[in-house]
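Please read the structure below before turning to the comments.
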Amino acid sequence: MLDPKDCRDMPTLRDQIDALDRDLVHLLKKRMGYIDRAVEIKTDNGLPANIPARVEDVVAKVKAVAEKEQLDAELVETLWRQLIDWSITREAQVIRRD
């Protein structure tokens, strides 16, 4: 990967963004694998899909990383809350089927 400041033209810049997007999709797939496993464990242990304290813990952790990286913490919080909401919905659907 090139450093953004080393991108001299738009095609190069776009190629780098496209590569990052592919990496993000792979990371999301891996994260979803952990969510799927969480469903199994939660089902086996009678736990609900939504555990509010855990949601807030996750959000606080990613906001702290964002702040350390000088990234907009509100943006990161919004993205993660969407990701978490989607994950909880997915978990709840599977748990209801069991």
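Numbering starts at 1 and runs along the chain as displayed.
Using the three backbone atoms N, Cα and C, a Cβ is placed for every residue, glycine included.
Caution: TrEMBL annotation is automatic and unverified by curators.
According to TrEMBL, the feature substrate binding site maps to R14, R31, K42, E91. If you take the C-beta of R14 (substrate binding site) and look for same-chain residues 6 or more apart in sequence within under 8 angstroms, you find none.
Here TrEMBL flags 4-95 as domain 'Chorismate mutase'.
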Reported mean pLDDT - the domain 'Chorismate mutase' (4-95): 97
Candidate with the highest Cβ count within 10 Å, taken from the binding-site residues R31, K42: K42
Site extent for substrate, whole Å (max Cα pair distance, R14, R31, K42, E91): 41
Helix, strand and coil totals (DSSP H, G, I; E, B; other) for the domain 'Chorismate mutase' (4-95): 79 helix, 0 strand, 13 coil
Cβ-Cβ distance under 8 Å to E91 (substrate binding site), same chain, at least six residues away: I35, A38, V39, K42, A49, N50
